[in-house]
Amino acid sequence: MAAAWSWRASHSTITMTSGSLVVLFLLLSIWQPAVQVEGRRQMANSQEMIKDHLGARSQNKTPAITNNANQSSTSSADLDDGAADDDDNKADLPVNVSSKPYWRNPKKMSFLQTRPSGSLLTLNCHALGNPEPNITWYRNGTVDWTRGYGSLKRNRWTLTMEDLVPGDCGNYTCKVCNSLGCIRHDTQVIVSDRVNHKPILMTGPLNLTLVVNSTGSMHCKYLSDLTSKKAWIFVPCHGMTNCSNNRSIIAEDKDQLDFVNVRMEQEGWYTCVESNSLGQSNSTAYLRVVRSLHVLEAGVASGSLHSTSFVYIFVFGGLIFIFMTTLFVFYAIRKMKHEKVLKQRIETVHQWTKKVIIFKPEGGGDSSGSMDTMIMPVVRIQKQRTTVLQNGNEPAPFNEYEFPLDSNWELPRSHLVLGATLGEGAFGRVVMAEVNNAIVAVKMVKEGHTDDDIASLVREMEVMKIIGRHINIINLLGCCSQNGPLYVIVEYAPHGNLKDFLYKNRPFGRDQDRDSSQPPPSPPAHVITEKDLIKFAHQIARGMDYLASRRCIHRDLAARNVLVSDDYVLKIADFGLARDIQSTDYYRKNTNGRLPIKWMAPESLQEKFYDSKSDVWSYGILLWEIMTYGQQPYPTIMSAEELYTYLMSGQRMEKPAKCSMNIYILMRQCWHFNADDRPPFTEIVEYMDKLLQTKEDYLDVDIANLDTPPSTSDEEEDETDNLQKWCNY
């Protein structure tokens, strides 16, 4: 070996010293015997393992390939009680023989159930016994438990939960008892958020070598929130490269592929394929079938030779690495003085930043899609560590969040000049600004915000991108997301929200609620006629019709969420907010006395269900606000329960004073208790077009001494019986 190495060294292009050759000779002399001994030991161990494996499987003579996707599971309590010793024998017991409880089919009982949110889960604990046992369900060790959201159904042996949410996660235990004993089974339930994606590979099949007539298996597990289809595809081969063109599907909807009494013709490639509506994923492994142990021994010996070659390559590479390291150290020494000066001036600062990741829906903004509602973008925030260099005493720049760059909407911060604050809430505020000599509004978060507040602002921005532009909605103009806080730039409405605008410009005679000690208000800046009010309602209907065509549900349509722009163009705002109905307290009274429940449809009050028809109900309430110059609907109702009882009884708000019957008819159509009876926004727009095109002269509205009782009188009931006749005027 030393001679061989000396010959290679003499022909090498690298000049080495005699000391290096001596060190290399010693390393090889020590390493080679160790490798040979290790190779023989691994070969012997492989032989023993294969013999033991064959001995354990020699008694199993069943068909060549079987498939089993569900492994049998028996709880520890079953084993303690002896209930799982012989399930088949117990199933054959006579009816009059006393027996403590035992599981009817323990192989179908699993210890772990993973489901996406919004799906249905059924836990089954079917047991037998004499006398007939009873069952008790526990969640996290508690017997008296309920769900915070969704229905819960307990049948004889099953527990069913619909519309799963992350709050349903936990340990569920079924305890079955009779007078002779008890058994129990635990199931861990995990509910994960839905993510639209093609199947994601979790565990793929591994290459497998089996001796003829032995047994083995391959495993394949994918994660998919959508309905998926799985299949195993087989390609026969004689060696990994000499393969047939014939492909066949040998199993479907199985996570595990079992090989029992394997034959030579079963050698080949096995591919696990799973697909859903968004695509497919696959993973492939090779099954090698050998006739005897000698083939495996030859493979082990060949592997030993490859290991020896690897040692030579490793040592040679190590010498090159040492040589390059020496050159690097020499270069570093020459630069040491310069580096020392730089270290005195530059300090490395490690910071933790948060990366904002946006999962955009595929086809979520397509109005021609088959979905009833628009798919909201998913926003995730992940922590990551970054390194920043600080020069001298100047503080290092720090950005708490890292946002993805969208070049189609990004604006330079230097073009943005912030001005006065227009309004602010608990965690966000809106500021007037100027961009390229144009007045805009900028949305941002306040100090003390949380990650959820950032995610909500990002989600609102992404929804506005998906929806697009329309004259009667607040449109997105751009954003500033790089090298600083997130600014969402939208259109500016100089006249504020519609509710305040109507109240400021209400006609004289609507001051009965004003304190007599206060001076009379100044005349309105703009005299609003009934035709102006109808134009306002028409613009809002057009904006809502556009949002409905984009599969967007507003959920909070009210005069306070409609802004008045230049030339009294109305624009619907806050349609991009992703509201969590379960976590938002819609029943709590705000400090200004407004109750958002008064704009909600009956199905939203009772079932938290929202769709375009629930927005139509809210539009009817908004229409009433317009015709009363921003008055509060249902002034005497102060709770959700009272409002729902009021609506269930068939009562509705009366027609505002001097409001035309045509407009009130539209209100009543929007307030149908059955959502299917409410007109869509497309028909509302057509109805408004007819009203505006009529030759009838509209009088200026002068609503003096207006009284809005909470119920509908009998006289108005006679008028509403002829709604269809008025609609076809």
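Each residue, glycine too, has its Cβ placed from N, Cα and C.
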TODO: Check Swiss-Prot for me: it has LEU422, GLY423, GLU424, GLY425, ALA426, PHE427, GLY428, ARG429, VAL430 binding ATP, so pick out which one of LYS443, LYS465 it puts in that same site.
DONE: LYS443
Open item on the list: Of the cysteines CYS174, CYS177, which is paired with CYS125 in the disulfide recorded by Swiss-Prot?
Closed with: CYS174
- [ ] Regarding the disulphide bond with CYS220, report which of CYS272, CYS479, CYS480, CYS552 Swiss-Prot records as its partner.
- [x] CYS272
Task: C-alpha spacing of CYS125 (disulfide bond) relative to ASN213 (N-linked glycosylation site), in angstrom - done: 38
Task: Entries of ASN140, ASN246, ASN282 which, being glycosylation sites, have CA atoms within 10 angstroms of CYS272 (disulfide bond) - done: ASN282
- [ ] Quick one: pull the CA-CA distance for CYS174 (disulfide bond) versus ASN246 (N-linked glycosylation site), whole Å only.
- [x] 49
Task: Alpha-carbon distance [ASN140 (N-linked glycosylation site); ASN96 (N-linked glycosylation site)] in Å - done: 36
Open item on the list: In whole Å, how far does the CA atom of ASN140 (N-linked glycosylation site) lie from that of ASN171 (N-linked glycosylation site)?
Closed with: 5
TODO: Tell me the Cβ contacts of ASN282 (N-linked glycosylation site) under 8 Å, same chain only and six or more apart in sequence, or just say none.
DONE: THR271, CYS272, VAL273, GLU274
